[in-house]
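Enquirer: Annotations for this protein, taken from TrEMBL, read as follows:
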- 28-49: transmembrane segment (TRANSMEM)
- 61-82: transmembrane segment (TRANSMEM)
- 94-114: transmembrane segment (TRANSMEM)
- 126-144: transmembrane segment (TRANSMEM)
- 164-182: transmembrane segment (TRANSMEM)
- 203-230: transmembrane segment (TRANSMEM)
- 294-522: domain 'ABC transmembrane type-1' (DOMAIN)
- 301-323: transmembrane segment (TRANSMEM)
- 335-355: transmembrane segment (TRANSMEM)
- 393-415: transmembrane segment (TRANSMEM)
- 450-472: transmembrane segment (TRANSMEM)
- 502-521: transmembrane segment (TRANSMEM)
Amino acid sequence: MIGIVAGVVSMLLASRTGDDELPVAIKLFMQVFSIVVTVAHLVAAYGVFRGIRRARTVSLITNYLLFVVAAAALLHQLGAFTAIGKFGTGLNKAFLPFLVIVVGLLWVLVAGQLRAKNPLAPGPNGLRKAGWGLAALAGVWFVIASDPSGMLSTIADRITQPVTIGTLLVAVGAALATRFMWQRRVAVHFGTTAAEEQTLSGLAFLSPNLIGFMFFFAGPLLFSLVVSFFEWKTTGTGRSFVGIDNYVRALSLDVSSADAANAGNEVLKPGYQVLMHMDWFGQNWVLGARDVEFWLSLRNITIFLVLAVPASVLPALVLSSILASRLPGMRVFRAIYFVPSVAGVIGVAIIWGQLFQSTVGWINYLILRTGEILPFVDPPAEGHPWLSSNSTALLSMVVVFAWMNFGFNTVLYLAGHQSIPKELYEAADIDGANVWQVFRKITVPQLRNTTFYVLITTSILALQLFDIVWILSTPEPGGPNNATTTPVLALYEEAFQGNDQGYASALAWVLFLIIFGFTFAQFRQQKDGATSGGVS
């Protein structure tokens with residue numbers, strides 16, 4: 001019965017139109033979920049009737065998932081998610097009674113600690129009761145001051161709707177069914193083994209993370225894959241299936257010979273634009289693409305990857321070796337070098353934008369002052385436009401990225417240093433090895449696994465570059481002239497400025513395949529190095 005009611009309610013929710021109409025993704029999910037839940041309940045009902053041991057497990061999992069989905073749907077229908085904003089407004093009005101509630105609860109906590117130290121003392125019990133009383137009075141004050149009448153009236157209006165009542169019944173029924181099937185006597189009746197009971201308990205503890213992963217990561221990920229095969233515009237309701245055309249559009253290239261060195265789109269196929277001009281063996285060639293911006297972003301991110309990853313990893317490796325030594329003051333420097341990793345990306349990017357400023361930035365100021373102090377240095381006549389020059393804009397992003405990430409990489413290397421046996425350094429000292437020999441022959445090989453992890457994580461961060469470019473290249477994100485456009489920035493602009501969710505999803509999956517291929521190649525190289533006798 002619960003499964004049938006759940007299926008009917010899900011279909012009613014999916015068929016809503018007008019202001020209460022659900023997004024396409026939620027509609028599709030509700031339709032699929034209703035079918036799966038109905039089938040699972042029929043299977044569980046048959047198994048329970050026949051006394052099959054596995055039927056209890058199927059019933060538990062089905063009813064638990066049904067309860068989670070029904071509870072979320074009920075909160076949505078009651079307007080609970082939109083009421084969070086109203087609650088914030090009410091909290092602002094009733095901030096003083098909220099503080100009194102906090103004081104009362106802290107009072108209760110302190111009284112409990114005093115009672116634990118001296119259970120026979122009468123004082124802590126009185127303090128505890130006074131704390132609860134203060135919190136209760138402040139709670140009434142909070143309700144009056146926050147004025148929740150508007151929110152309560154909205155809930156009262158919506159809770160009388162038939163679909164809301166049905167969702168409430170499904171949530172309560174699924175919760176009661178889950179509670180009943182979880183009982184020990186039911187487990188004994190179905191002959192559940194101790195191993196199965198432990199597995200169910202483990203899944204119950206893991207379920208919040210597993211459900212969150214499925215709903216907020218795996219689900220949207222698979223949905224974006226589906227969207228990538230459609231012409232999916234956010235400004236209209238029409239969505240047509242185009243197959244792999246979005247991927248073909250992103251990856252299509254055309255090469256054509258040209259008589260003139262500066263030939264344009266006329267020598268390319270229709271729909272293609274000039275990507276670059278080439279001169280091979282005395283012949284002019286034109287390379288074109290259907291999406292020039294995406295290919296330029298791939299060029300930029302490749303250059304960025306080659307420059308930024310070594311700049312983030314090599315200094316961290318050297319610095320970690322220094323910080324791992326027993327020189328005085330190293331603990332203080334460990335904390336200092338880690339600060340960039342915990343600082344907000346937006347704030348850091350804004351500060352670096354001021355440093356790179358062409359007229360009043362500190363970097364240009366120091367360059368000009370150096371030219372004035374040192375007679376053999378020829379200072380420039382004016383400050384260099386670091387962020388608005390095609391030749392230095394991407395390099396500026398590299399500097400900011402390396403500065404923000406090398407501190408965290410240093411901490412990872414410091415952790416790797418702790419696993420290096422001290423006997424190796426002692427033996428090297430006895431053999432008379434110098435600092436460079438110890439670093440090259442002992443430290444670097446022993447940090448092989450750490451280096452592999454640091455390279456992978458830093459490379460993935462570099463390939464996903466977005467926030468630094470977005471802040472530093474404002475008001476022209478990706479500028480100047482697409483010199484700092486990255487794949488993530490390109491797909492963002494397609495999705496939220498071009499309103500083409502289908503093509504943006506295809507670009508996201510192309511980037512995913514690039515990152516996956518790069519990571520897979522690194523894993524294979526690491527594995528081959530280990531099997532061929534490399535130090536692990």
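Note that Cβ sites are derived from N, Cα and C of the backbone, with glycine treated the same way.
Keep in mind that TrEMBL annotations are predicted by a computer and have not been checked by a curator.
Please situate the listed features within the shown structure.
Expert: Residues 25, 29, 61, 64-65, 68, 239-244, 246-247, 501-503, 505-506, 508-509 of the same chain lie 6 or more positions beyond the ends of the transmembrane segment (203-230) yet place their CB under 8 Å from a CB of it.
Nonlocal intrachain contacts for the transmembrane segment (301-323), taken as residues 6+ away from its ends with a CB within less than 8 angstroms of a stretch CB, comprise 330, 333-334, 337, 394-395, 397-399, 401-402, 405-407, 409-410, 412-414, 416-417, 439, 443-444, 447, 451, 454-455, 458-459, 462-463, 465, 486-487.
Under 8 Å from some Cβ of the transmembrane segment (335-355) lie the Cβ atoms of residues 319, 323, 361-363, 387, 396, 399-400, 403-408, 410-411, 467-468, 471-472, all in the same chain and six or more residues away from its ends.
Sequence-distant contacts of the transmembrane segment (502-521) (same chain, at least 6 residues past either end, Cβ-Cβ under 8 Å): 224-225, 227-233, 239, 242, 246-247, 249-251, 294, 456, 459-460, 463-464, 487-488, 490-492, 494-495.
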Enquirer: What same-chain residues lie close to the transmembrane segment (126-144): Cβ under 8 Å, and 6 or more beyond its ends?
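Expert: Non-local partners: 94, 97-98, 100-101, 103-108, 110-112, 114-115.
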Enquirer: Same chain only, please: residues at least 6 beyond the ends of the transmembrane segment (94-114) with a C-beta under 8 Å from a C-beta of the stretch. Say none if there are none.
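Expert: Distant Cβ neighbours of the transmembrane segment (94-114) are 121, 123-125, 127-128, 130-139, 141-142, 145-146.
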Enquirer: Which residues of the chain, 6 or more past the ends of the transmembrane segment (393-415), have a CB below 8 A from one of its CBs?
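Expert: Beyond its ends, the transmembrane segment (393-415) has Cβ neighbours at 300, 303-304, 307-308, 311-313, 315-317, 319-321, 323-324, 334, 337-341, 343, 345, 348-349, 352, 356, 386-387, 447, 450, 453-454, 458, 461-462, 465, 468-469, 472-473, 479-480, 483-484.
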